[in-house]
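Per Swiss-Prot, the features are as follows:
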BINDING   Cys121, Cys122, Cys204, Cys207  [4Fe-4S] cluster binding site
ACT_SITE  Cys232  active site, nucleophile
Amino acid sequence: MTTQSLEAEAKALNDKLESLDLAGRLAMVAGLDGRAVFTTSLGIEDQVITAAIGINRLDIEVATLKTGRLFNETVALVEETEETYNILIKRYYPEKADIEAYVAQYGMNGFYESVEARHACCGVRKLKPLARALEGASYWITGLRRGQSGNRATTPFAEADLERGLIKINPLADWDIETIRAHVAAEAIPVNPLHGRGYPSIGCEPCTRAIKPGEPERAGRWWWENDEKRECGLHVAEAASSIIPNASSAA
């Protein structure tokens with residue numbers, strides 16, 4: 001698909017999705033030609049989407065990135081969610097050779113030392129497994145919301161991901177956190193217990209802290225960096241330096 005046609009399809013989808021509810025948005029994507037993949041980090045937004053996919057038995061693959069540095073609570077929630085909705089959540093792991101190359105170059109926790117080292121860690125533990133999860137997909141469904149951070153304030157319902165050659169679908173783009181929480185309570189959706197301990201946004205354990213009163217939702221992610229740097233690269237294009245020079249290039 002050309003750049004122009006990808007962008008045109010994304011714009012048309014964005015306009016159609018806006019008037020639908022969550023179930024309708026997901027059903028529309030599930031009915032399109034091409035493979036649809038939802039990647040979940042098991043956060044509260046993602047649990048809302050997973051529940052909708054499971055309850056409505058939609059033809060959407062659910063996948064998660066097992067980085068090797070997740071909270072125990074997150075790991076436990078994967079199996080609980082599978083059992084609750086009778087679905088399979090496919091696990092994608094980093095390559096052992098990539099981890100070894102990262103540790104040799106930066107150290108196990110080198111991500112605290114520089115933005116380059118942190119991006120490199122995300123590249124190995126998230127971006128490369130993500131590439132495998134999305135291989136051959138036409139539509140990538142995410143839990144992005146406009147209220148999560150300033151970087152995401154203009155998130156559309158559908159957008160062309162030219163780098164990956166697919167369309168990214170953000171069915172919760174217009175939901176605020178209060179709506180999310182009310183929906184979770186009403187539908188008895190299982191969520192990460194860390195949300196109740198001051199963690200509205202949860203990533204890898206070494207890179208996530210509880211937020212302070214009045215802080216933005218994602219203030220606890222990579223808190224030692226400037227706000228504009230606080231993305232892992234899944235939803236923001238990364239610099240070439242994010243990939244370890246001597247690491248395995250296997251997808």
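We count from 1, first residue shown onward.
Glycine residues also receive a Cβ, built from the backbone N, Cα and C atoms like all the rest.
Feature map: Swiss-Prot annotations on the structure.
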residue : record                        : contacts (Cβ under 8 Å, 6+ apart)
Cys121  : [4Fe-4S] cluster binding site : Tyr102, Tyr106, Gly110, Phe111
Cys204  : [4Fe-4S] cluster binding site : Thr67, Arg69, Leu70, Arg125
Cys207  : [4Fe-4S] cluster binding site : Arg69, Phe111, Arg118, Arg221, Trp222
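There are 24 other CB atoms within 10 A of the CB of Cys122 ([4Fe-4S] cluster binding site), with all protein chains counted. In three-state terms derived from DSSP, Cys204 ([4Fe-4S] cluster binding site) belongs to an extended strand segment.
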